[in-house]
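What follows is a single structure, written as structure tokens, with notes after it.
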Amino acid sequence: MIENWPKKPEGSQWTDDQWKAVVANGRDILVAAAAGSGKTAVLVERIIKKIINEENPVDVDRLLVVTFTNAAAQEMKNRIGEALEKVLIDEPGSQHIRKQLSLLNKASISTIHSFCLQVIRGYYYMLDVDPRFRIANQTENELLKEEVLDDILEEEYGIEDNTIFFELVDRYTSDRSDDDLQRMILALHTESRAHPNPEKWLDKLVEAYDVEGKTIEDLVYASYLLEDVKFQLETAEQHIRKATELAMLPDGPAPRVETLQADLALLGTLSSAARESWTSVYEAMQNVSWQTLKRIKKSDYNEDVVKQVDSLRNKAKDEVKKLQEELFSRKPESFLRDFQDMHPVLEKLVQLVKVFTERFQAMKRDKGMVDFTDLEHFCLQILSEQSEEGEMKPSAVALQYRNKFAEVLVDEYQDTNFVQESIIKFVTKDSESEGNLFMVGDVKQSIYRFRLAEPGLFLGKYKRFTQEGLGGGMKIDLAKNFRSRHEVLAGTNFIFKQIMGEEVGEIDYDADAELKLGASYPEGEDVAAELLCIQQTEEEVIDGEEGAEVEKAQLEARLMAQRIKAMVDSGYEVYDRKTDSMRPVQYRDFVILLRSMPWAPQIMEELKLQGIPVYADLATGYFEATEVNIMMNVFRVIDNPMQDIPLAAVLRSPIVGLNDEELATLRAHGKKGSFYEVMSSFLKGAPLEEEKELHDKLEWFYNLLQGWREFARQQSLSDLIWKVYGETGYYDFVGGLPAGKQRQANLRVLYDRARQYEATSFRGLFRFLRFIERILERGDDMGTARALGEQEDVVRIMTIHKSKGLEFPVVFVAGLGRRFNTQDLMKRFLLHKDFGFGSQFIDPRKRIKYTTLSQLAIKRKMKMELIAEEMRVLYVALTRAKEKLILIGTVKDATKEMEKWLDAREHSEWLLPDHIRAGASCYLDWIAPSLYRHRDSEILLELGQGSVPDEIYGYDTSWKVEVVDGNTLLAPEPVQEEKQELLEALREKKAVPLESERKEEVYDRLMWKYGYEEATSHRAKQSVTEIKRNYQSEEGSDNAFIKKLRAPIRTRPRFMEKKGLTYAERGTAVHAVMQHVDLKKPITEEVIREQIAGMVNKELLTFEQAEEIAIEKVISFFDSDLGKRVLAAKSVEREVPFTMMLAAEEAYQDWQGQSGESILVQGVIDCMIEEEDGITLIDFKTDTIEGKFPGGFEQAKPILEERYKVQLSLYAKALEKSLQHPVKEKCLYFFDGNHVVKIEE
């Protein structure tokens, strides 16, 4: 088989390993593709080669290609399509290639969920599911779960003598709520659904607690923890050995060697016991006795060495003490009793989970909806059936798919879960040695365990498969990196060769795993990788842990801002592959990677202060926006006005506008009862004179509130929201505030959220509020509108997870001193795919609780998995850099941290000791000890001591390591020494002597006159309407300009709101109709009225505006000669916005400034028609003519011509500039009297 593989073509750019991955077949193949190794290109080439194979061509729809995201699937299709089109250019007559191009859109190139959906749609009749099902919204799913679970628990509470249930409640709930019990049920449900057979997994979980007739040695938890015992005892032994070496130095405390050797013997005894059984270790631990150190005269020995010896011995003793207290302070039988006692309670818990799953599935079925886990399980249900032994085997449908697919290719295989693996297994051949499964991925980049991805699947096959593929599957390593410079790759290798191993890290970073240089770059300057370790300021700016975090973010942000500015200003060069040359670095070339985003806003702020454009996709802040917060409180009050805090917030908001004094006055009217009750009581009585204004405000709001509450019971939620916006005027109000457009956009998003909610199976305001609460509980807050886009020349800030698959010339990895998130390990109960359920033993009667064996084992296992995941996250971060890698971390006490990192200094092997790697609490705890052993780390070497093996010390990589004093970063800019004296004089308000050498400087400053003063009295940006007014009056003067700077009143005062529309509002309504009326429909009263109603429904007009429209005047326009020309025109454009530059002297008739100054002019053209002989410009006017001018229209015409001449001339100029065609005619149309005025130059 191997001999038949095509040979690599002469001059091919594929490496040998890549070519092997393209052509190898005949068995299951696992490709371990390192970062930047071109795995996607290999995958596409393999598919193309299969399609165009001359001897055995495969149709593209006979391949199943599974990708991690929809975007990746689309990119794969595009690449395959482009490759096939290239083949077609060489073989234009190939019907086979043409067929493949036509089949491509139908090909199974998709995510696993899309494939599942395809299977379910095809075989829905094998399931109890409506074929018209829809995919549930995540929040809707959460609300359904809550509803089902509430019903189940309510039933359980109502059952008499439900002893075990109440035992469960007593153990796992508080006296305030049963939230913890609900969380346990939901967590067990979720975890079970990550397994092919959820019920079987749940049953095994209960079986593990059935210890009848078992000893502690029979428990999987004890077996695993014994491995941990060995690990900790080995760590203790290493400490004692190191202490012994130091004691035997010429100036070491030699008399203590005898005691240290006795310690080693003791630890040896414990280790031997750990290799035998739990009981053996327990018995040995009861007999632990440490000898007392011999007293010595410390002045006879090196004091530092003595301290180190004592410290190392104490560390060893602490390791043993920790084991004694956690694991061996109790007899083995007592651990077994815990399991016996907890077994019936756990059995009841699992029963509740099964009932919940059954009812939840039934409710989704009734509502015709499925979620993503359902897609996987339904697909698996179709593809599998149960054998006589009770095991899952391929169904007839699965066998059909096996016959259909010539090969199944899985991208990002390291992120597959157990259910997905089963689906893939059922549509591929049974035998790995003769299989047709091709898997590509990099387990070192598996960073989605929180989504239940299982890297162990990849690891298992990687260990099982061989490079030759003899007797099983084949593995191929793609280690060449075509992305990064040597300095980036060597720097990454140097760290990971020391920290990633099978025991701690889950995979050996061996020669096969190392990154190998595949890219060629020109020689560059300052390309060494860097570690910048910031020493936090001695006195924190803000007290407390949160304040310290804020300061760390600020320190790192300032350092990064300095480096970015310096690199940009100095013209630091990066390589441009498109031009094959070096070019100056741009802001877009930088990225700042963070483990999570809490620091991002502060980093953005610091960079902006330095004038650095920056972009971050902040998916937070929406619900914190003031306008959204206020509206949410309004809806909470509509739902339940008895809530004091939301009601007070609304009363205090601009909607009602009470001040603190008025709020206090209201509360004084009723010190008991809710705010709503007090408000209702206050409104029933007659107000005092001084309380009348308060009474009016509250009465207005109270009446609105009652109307809203009634409306909410009968109408849709989205209609309610828009009604509140309109009746309060709040939507218009926020539009007049700073960032008004964004605020209005935020309110529209809330309306859209309501529409989305109403598309689910839920209805009503109360449920909507719960819907939003669920979104916030999940941390799914949305980001507010963005000021910068992703394609602009900006520095980007993103999480390491978001950066996966991307690359950047210069990468900052920040926050390396932040502690790992271990909150999951602190939960009251723990779940694990292999070890099941673990929690404290709780006895509510005796009011005691203590740690159980299962909890200890699961916690230890989860910690080791977390450590391995964090290593992989760090690997992803470091491998994003193409040319320059800069690592930044902040520590509170650099000297103290250095002492801790010093443990690694003299370790003789590449891989650091397990206890150092497993004991890391942040990324710096891996990076710094590794760099401690490199020749370029002078700053670290000065603080440490000892020697490093030559192979490690002289490793071929370049590093710059620097410890930065945080005080220098937070200090203000230094004031020049020569100015100090002058500053002191100014502070003391001393006059400058007449004979002073500074006399001329002071005089020049006092007499200075701004050279562009004239320009400051005129706007740099004007609307056409404002320019028109400038020509008509003195509004262009300084005073008028200053008055214009005052914020305009966007809405009328409340006392005017019910007195009809103003002239301006009527004009706006008429213009809206003229903009949106459908010119293709008949212009009749009935049709126009119908269209106006449609505009109201679309919220283009309000009811009040619609009622004020004089439909007969609209019809009159279209009956006029000008209106008929509009209907007959070649093309009609309405409400055409424009912006153009205009000479200042054209815009301002009083301009006296420098010539050459330009003004930005903007406006909107009502209507523009194109006829055979040119363009005509039309402006609609609603001015009052009849009755205002005694001489009628003839008297008004010259006045109107003069009034609007400038405006239409500017419109014409703008159109001529943009269209490059002359405007033949400029017309004004006045609805009052149906008059047309033509404007002549």
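Here the Cβ of each residue, glycine as well, is placed from N, Cα and C on the backbone.
Per Swiss-Prot, domain 'UvrD-like helicase ATP-binding' is recorded for 12-485, and the stated evidence type is sequence analysis. Among the features that Swiss-Prot reports, ATP binding site is placed at Ala33, Ala34, Ala35, Gly36, Ser37, Gly38, Lys39, Thr40, with the record citing sequence analysis. The domain 'UvrD-like helicase C-terminal' feature in Swiss-Prot is assigned to 505-805.
Summary: among the binding-site residues (Ala33, Ala35, Ser37, Gly38, Thr40), the fewest other C-beta atoms within 10 A of the C-beta are counted at Thr40.
DSSP gives Ala33 (ATP binding site) a strand state.
All protein chains included, Lys39 (ATP binding site) registers 21 other Cβ atoms within 10 Å of its own Cβ.
A helical conformation is recorded for Thr40 (ATP binding site) in the three-state DSSP classification. Between the candidate binding-site residues, Ala34, Gly36, the densest Cβ environment within 10 Å is the one around Ala34. Restricting the average to the domain 'UvrD-like helicase ATP-binding' (12-485) gives a pLDDT of 93.
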